[in-house]
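Noted in TrEMBL for the protein shown:
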- B:12-31: transmembrane segment (TRANSMEM)
- B:51-84: transmembrane segment (TRANSMEM)
- B:96-118: transmembrane segment (TRANSMEM)
- B:138-159: transmembrane segment (TRANSMEM)
- B:187-214: transmembrane segment (TRANSMEM)
- B:226-250: transmembrane segment (TRANSMEM)
- B:262-284: transmembrane segment (TRANSMEM)
């Protein structure tokens, strides 16, 4: 044999090493001591939600830098320990375990998607460590009795409740749904269906699509043939772009309303072009009109800082959650006067400040004795018109 | 009825690109016996090359397409030359592990270079669809179908009508005899892998503008390519072409009339059925053994 026999073995171990590669080992500074206070960040940096997760992390970094520039918390700097959950629930749970046991983070933020957050939640109870949930909107997160969960994003039911007064003004008669096939999408369809039926609006088809699906022509062909006047969509920005383009290709012209707060309207405008004209979106942040947000000064600061760092403006509708999330955690640590998980968990109930999308103050949610914390952010309805974001007068 | 017609038109268009993906993989997996986990990454690469050629190089849509396909051909040749050539003769598991690693490197590389935000490829086609009675179809998708059919025809002619194709078929039937007859076997392996890869890149370059371009787009495409290859029978090019259309039909009708939640499961249900009832694929001919 002239062939070097070691080569196959080397190549396969290289492949294995690449598969198993994990973050660098860190010196164990622990939760206590004089070093920086560590905050775990569990976000999707690869996989289908990579873009959104990266936005959230970049927003979190702005908050950490701002807090550290002002002297940190409890006289110590804060340090974000950022881990990639690969848009995969199994990975998200593993990341949480690693952050708690190996990095000794006493509090975490995560995990973007509802299915990711739900997968992490049992770990929070196991290790008695609180987590600030910044994006997920499935109702289950704050209703199943996990007292370690504090959420600043609106669950679908809250979003539906905020949308209820607009239903009559828009003139909805019959609504079909197309949603992403996971806890987020199905939860949204269920909560909005309930609200619409209470308002006397008929609900027709509920179509779903896989989270990685790119071709929705089959579902859309079915929706095209239905007699509903409106289609409500719950999905992240990339699938929304595809849906709008494919609707236009199929000649499907109905009123479109999207929910879920991960629409990034500016990215939709850039990528779907005319196909997005006239679409309505329920969002939880108004970066286009800083003066109409609850905290114009903070909003302006955040947007300026975002631009200064060279990030795309389209990302702010995601990244503001990371920014508010870390500010909420910092306030909880300050109020706890401690870096122990138990004290931070208790102090979350005392957090009270004006975030970028409303007052951040946790109300009890879920079964008595084991309540989760739920803040109530503002919800806005915007419309895309000739490539611009406008607020329809209702 | 209108809905059924629309589903059938969708099937035709989706099936064309599925067939391209399947034929590319059947060349590599079925004929070369390499479990190719870079197929999805090459699909993604084709889409990014298309994006770069149109936006950064300003080549124009119709020139960018052959450029992206050529890029896929070269990349395939490099992968074969660097990774597979030294591994020839080693067992299938070793090769598979290396290909998994290569797939991860390619996918993470695109994420690293281009970031996770999806890109969209501008096209010269009008936004307004073509209306044919109750059925609508976009001009872009019609072009994609035409281009896919042309590429399938070209591949078929290459394998069955040229000396290169003859040498390829000879090599994979009997490697040693082909070598004794003067076929440059090493070159044939590289050429086959490169051609298979270029077909994956072509599918990506065609579908990138239809959808959006992002680093993970190849994952599902790769699974579907494997499904099509098994459906059509390993190494059977006609089978892979028809398999592509059958998978598209199953997905469309499954999503349209059964449940859209299981759309992507339909294809795999068919595979299970095929493996149980016709393990050599739907289109396997009777074969003499020994």
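Every residue, even glycine, has its Cβ placed from backbone N, Cα and C.
Not measured: the values here are computed from a predicted model.
Contact between the transmembrane segment (B:51-84) and the transmembrane segment (B:12-31) is absent: fewer than three CB pairs lie under 8 Å, with pairs separated by 6 or more positions in sequence. Taking every listed stretch (B:96-118, B:187-214, B:262-284) in turn, the largest tally of C-beta pairs under 8 A with the transmembrane segment (B:12-31) is reached by B:187-214. Among the listed stretches B:96-118, B:138-159, B:226-250, B:262-284, the one sharing the most Cβ pairs under 8 Å with the transmembrane segment (B:187-214) is B:138-159.
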